[in-house]
Amino acid sequence: MISSKTSFIALIGNPVSHSLSPIMQNAALQYLGLDLIYIAIPCKDEDLELVLNSLKKINCKGLNITIPHKEKVFNLCSEISSIASKLKAINTLRLNSEKEWSGTNTDVEGFIYPLKNLNLTKKKSIVLGSGGAARSVIQGLINLNLSKISVISRNKSSVEELIKDFGNQIQLQGLLNTNNEVQNLIEEANLVVNTTPVGMKTAKHEMNVLPYGESFWRSLNSKTIVYDLIYNPAPTHLLKFSANKGCRTIDGLQMLVAQGLKSLSFWTNGLEVPFHIMNDALKNHL
């Protein structure tokens, strides 16, 4: 029951109308019995500073930050965690004792959640795409002690930046998607992670396509785990294609839930909610 004493947590981004975070976070808050609600607030670039400064002064207990503000919000935080600095992105804020914003990033822990029990130590991985999501994925794979990561992208400069930032921690190579070596890498890979938006259910994207086209995947075999960060549609065309090849598949819903659980713990000073509470709420919604 919402009352005059109810506090709130908010998602800040543009757009936010598609977000599933209010569904899963409100299920978790209800489970905990907290007098808190989770809402989504659309916010344009030029309004970000005004909105965040205003939220300090009212009953806001924390924020999620999404596109396009994950980098811009750095300038509005007085404290930034080491992982957020490494990833160059913040997705979670809370007010510290001085009533200033403290920022972190929960995407790495979200990403590795479904991989923790798969023993990927010293294994080889391919990461498709070189944008912001790829940074979280690469850091997660480093944390899981893989031996080699190959980043495949259409963007040479962003691949070079990833190698500069992460290449001292793991054997990391970058290739354009047209490189002839790609087929051998796919054949050898223990894990392929798609961080591109190809296959996502939006007005801009055709859903029944594979990242980099059908021929790119011809050497995929059944020993490879295929992890698509996209969670809508479920399963994606890539995951259906991979399952037909005999591959183990993982969709992005587990990452979404796991990073959300970490954000909730950050806001509530360590309170924990069972994974299935958020996961079931999303599955019932979808």
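Just so you know, glycine gets a Cβ as well, placed from its N, Cα and C.
What Swiss-Prot says about this protein:
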type: BINDING; residues: Ser19, Leu20, Ser21, Thr66, Asn91, Asp107, Tyr231; note: shikimate binding site
type: ACT_SITE; residues: Lys70; note: active site, proton acceptor
type: BINDING; residues: Gly129, Ser130, Gly131, Gly132, Ala133, Leu229, Gly252; note: NADP(+) binding site
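Structure with Swiss-Prot features highlighted.
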residue : record                 : Cβ contacts under 8 Å, 6 or more apart
Ser21   : shikimate binding site : Leu11, Tyr38, Ala40, Asn64, Gly260
Thr66   : shikimate binding site : Leu11, Ile12, Gly13, Val16, Ser19, Asn91
Ser130  : NADP(+) binding site   : Val151, Ser153, Asn155, Ser158, Val159, Glu161, Leu162, Gly174
Gly131  : NADP(+) binding site   : Ser158, Thr195, Thr196
Gly132  : NADP(+) binding site   : Lys70, Leu87, Lys88, Ala89
Ala133  : NADP(+) binding site   : Asp107, Thr195, Leu229
Tyr231  : shikimate binding site : Leu20, Asp251, Gly252, Leu253, Met255, Leu256
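In the three-state DSSP classification, Asp107 (shikimate binding site) falls within a helix. Under the three-state DSSP scheme, Asn91 (shikimate binding site) falls in the coil class. Of all Cα pairs drawn from Gly129, Ser130, Gly131, Gly132, Ala133, Leu229, Gly252, which the record names as binding NADP(+), the longest spans 17 Å. For the shikimate site, whose binding residues are given in the record as Ser19, Leu20, Ser21, Thr66, Asn91, Asp107, Tyr231, the maximum C-alpha distance rounds to 18 Å. The residues near the shikimate site, meaning same-chain residues not in Ser19, Leu20, Ser21, Thr66, Asn91, Asp107, Tyr231 whose C-beta sits within 8 angstroms of the mean position of the site's C-beta atoms, are Leu11, Asn64, Leu256, Gln259, Gly260, in sequence order.
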